[in-house]
Amino acid sequence: MLKIILPTIMLLPLTILSPHKHLWTNTTTHSLLIATISLQWLVPTYYPSKGLTHWTSVDQISSPLLVLSCWLLPLMLMASQNHLEQEPTVRKRMFISTVITVQPFILLAFSASELMLFYIAFEATLIPTLILITRWGNQPERLNAGIYLLFYTLASSLPLLITILHLHNQIGTLYFPMLKLSHPTMNNSWTGLVSSLALLLAFMVKSPLYGLHLWLPKAHVEAPIAGSMLLAALFLKLGGYGIMRVTILVDPSTNNLHYPFITLALWGAVMTSAICLRQIDLKSLIAYSSVSHMGLVIAATMIQTQWAFSGAMILMISHGLTSSMLFCLANTNYERTHSRILLLTRGLQPLLPLMATWWLLANLTNMALPPTTNLMAELTIVVALFNWSPLTIILTGTTIVLTASYTLHMLITTQRGALPSHITSIQNSSTREHLLMALHMIPMILLIFKPELISGIPM
């Protein structure tokens, strides 16, 4: 564990001490090196927990997420290069170090074997993200978005802290391998109900459940590209991962706690897909689409079957790569036209034909075209939910149809149609951008051939 966390922390002195000429090269290559080393977590072992120390343990649920978070750091740095070009060197260093500071906390949160440490890391990721949004966002509304993010997360996670302390009082330990051995402590009393609600609610806000999702479109629209990628690809996954982790403590089906969550998640998936159809803002559309995808994940983790867990796991990873890539594409459009409105950026295919290819690929994976892992995950989740109650097929089916329609709507509006008259000259797409898209796309294509790496089943 330390052989990943220590080099990640050592990126900070590298950022501060690198000469201006080699700043981007050094940080990007170093973080790519860390990402390659992190692939060793995917090696199958006989034991359930790899690297089991007093404070970390990497098991089947956390290893794909850990590798994903290491993989996205160099991509975030590559995506941010263009819009920081005009800034002085000191600000560049500040930006890179802010992005890097999030990384150790995310790694800690995904690999903590102790509930309290998990809570601390889970909350500490909020601060650098808040700095990213409120300092490097594009519009003055970014302060409003930062306040939304901060208060939603804080209001939901204070009950979580109290519940964790209460649990520690009751059980005497918060160590995950020990908790797996002891029987679920939540009983049907009033206290048990409230504490299980508190445990689940914090993660429901983080991986936005429909109704608690209002901070997400705001934060995504106002964040710089690195902040958007971070939020879409890793923060939402923290919520899903947290739900998977606390379900060994809370069995929602004993006190019927899973009904409101599944209902809200599936209804929210339908509603946010419908909202996507009438969005005028490109980044907002992608943000709402990730709410709808995470709704499926929440519904799956709530019914707690093997199929549902592995489907949720695969969907989290593939959605992380897909939506991150969509945000990068939206950002390349934004850097050229300085507008996120769909109507003002249409007809770009004849101007940037190679970018249109990346748009097509990203949109096809987003709407779960076979044989992508997105399709595999959605099918597993739909089948597991159908097994739980046949009525859910109405909601999930509507969601899938609407997903396909808004994805095609996004593709057609950005790539086809008449070119708006105000676009006279446009920059060519750079090698850096193509490399960025390729590094998002290649893992997705490779995972089609071996999806059991990310399926969360014990290898």
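Cβ coordinates are placed from backbone N, Cα and C, and glycine is handled just like the others.
Over in TrEMBL, the protein carries these features:
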type: DOMAIN; residues: 1-108; note: domain 'NADH:ubiquinone oxidoreductase chain 4 N-terminal'
type: DOMAIN; residues: 112-403; note: domain 'NADH:quinone oxidoreductase/Mrp antiporter transmembrane'
type: TRANSMEM; residues: 145-167; note: transmembrane segment
type: TRANSMEM; residues: 187-205; note: transmembrane segment
type: TRANSMEM; residues: 225-244; note: transmembrane segment
type: TRANSMEM; residues: 256-277; note: transmembrane segment
type: TRANSMEM; residues: 284-303; note: transmembrane segment
type: TRANSMEM; residues: 309-329; note: transmembrane segment
type: TRANSMEM; residues: 341-361; note: transmembrane segment
type: TRANSMEM; residues: 381-412; note: transmembrane segment
Of the listed stretches 145-167, 225-244, 256-277, 284-303, the one with the highest count of C-beta pairs below 8 angstroms to the transmembrane segment (187-205) is 145-167
DSSP puts the residues of the domain 'NADH:ubiquinone oxidoreductase chain 4 N-terminal' (1-108) at 81 helix, 3 strand, 24 coil
Hey, does the transmembrane segment (309-329) touch the transmembrane segment (225-244), meaning at least 3 C-beta pairs closer than 8 angstroms, sequence gap 6 or more? yes
Is the transmembrane segment (309-329) in contact with the transmembrane segment (256-277), using at least 3 Cβ pairs under 8 Å (sequence separation of 6 or more) as the test? no
Find the average pLDDT over the domain 'NADH:ubiquinone oxidoreductase chain 4 N-terminal' (1-108) in the predicted model and report it. 93
